[in-house]
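Colleague: Annotations for this protein, taken from Swiss-Prot, read as follows:
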type    : residues                               : note
DOMAIN  : 6-241                                  : domain 'ABC transporter'
BINDING : G40, Q41, N42, G43, S44, G45, K46, S47 : ATP binding site
Amino acid sequence: MKKEKLRTENISFQYPGAATYALKDVSFSLFEGEWVSVIGQNGSGKSTLAKLLNGLFLPEAGTITVNDTMILSEETVWDVRKQIGMVFQNPDNQFVGTTVQDDVVFGLENIGMPREQMVERLNQALRLVRMEDFLNDEPHSLSGGQKQRVAIAGVLALQPSILILDEATSMLDPQGRREVVETVRQLVNEKGITVLSITHDLEEAAQSDRVIILNKGEILEEGTPEQIFKSSHMLQEIGLDVPFSVKIAELLKRNEILLQNTHLTMESLVNELWRLHSKK
């Protein structure tokens, strides 16, 4: 059984002066080596959730427990932040160093890590995101996807238990998004890192292990991408779309071309269509 890395129990939060709760009675768990995506409309509570998990806000009710022992509070917030690393949406706003290596070691320097250990962490983190060949490059020479991979490396160098991506691909072009998504999948599969992705991108969410739908501050649905994206009508009712491959599969079904599987990527859809064509 996988180890529970984070648990929220009935957490609620209301902004001062707001008539309604931004989050209400939200409960879920994250497990070791799992990638969970949180999706929902603007105003559904996604970004508020990210801020609560990292202690930028504290819940008005309920508890957040990290690594099964540490309950988030004013007294523990700095210890919690050592366990939870965050990457935000704008790659340019996160780059604080003059070169890639300066940026990755910035957090390590702030905690006074010995140089020998710092160099080891730097090289390890850059290898994990496949940016080791860009050690001395300046930020203006990098693409958006490369900058986000450096931002992820900077977080990984601190060795947190959980990585939170708060709309980390929303400002990237398609190639940049692919680079970041491939990096996240590699980190989860090969290193067992736990990832929570707050995202508008349903193609990205389709690549994760589990999807949580937030609607008006509450969890509406939770399940695997296959389970979630089968409910296309429910998603559309709350203003969400479905991956393009799911739309195409539904159109094929209406034309009596029945597929055996739910396809979350165009590649898998094309492969099944090719197999069907080959049987003719």
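Yeah, the Cβs are placed from backbone N, Cα and C, and that goes for glycine too.
Given the structure is predicted, the values throughout are model-derived calculations rather than measurements.
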Colleague: For the recorded ATP site formed by G40, Q41, N42, G43, S44, G45, K46, S47, which further same-chain residues have Cβ atoms within 8 Å of the site's Cβ center?
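Modeller: Everything else in range on the chain: T48, L214.
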Colleague: Using a 10 angstroms cut-off on Cβ to Cβ distances, just flag whichever of N42, S44, S47 is the loneliest among these binding-site residues.
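Modeller: It is N42 that, of the binding-site residues N42, S44, S47, has the fewest other Cβ atoms within 10 Å.
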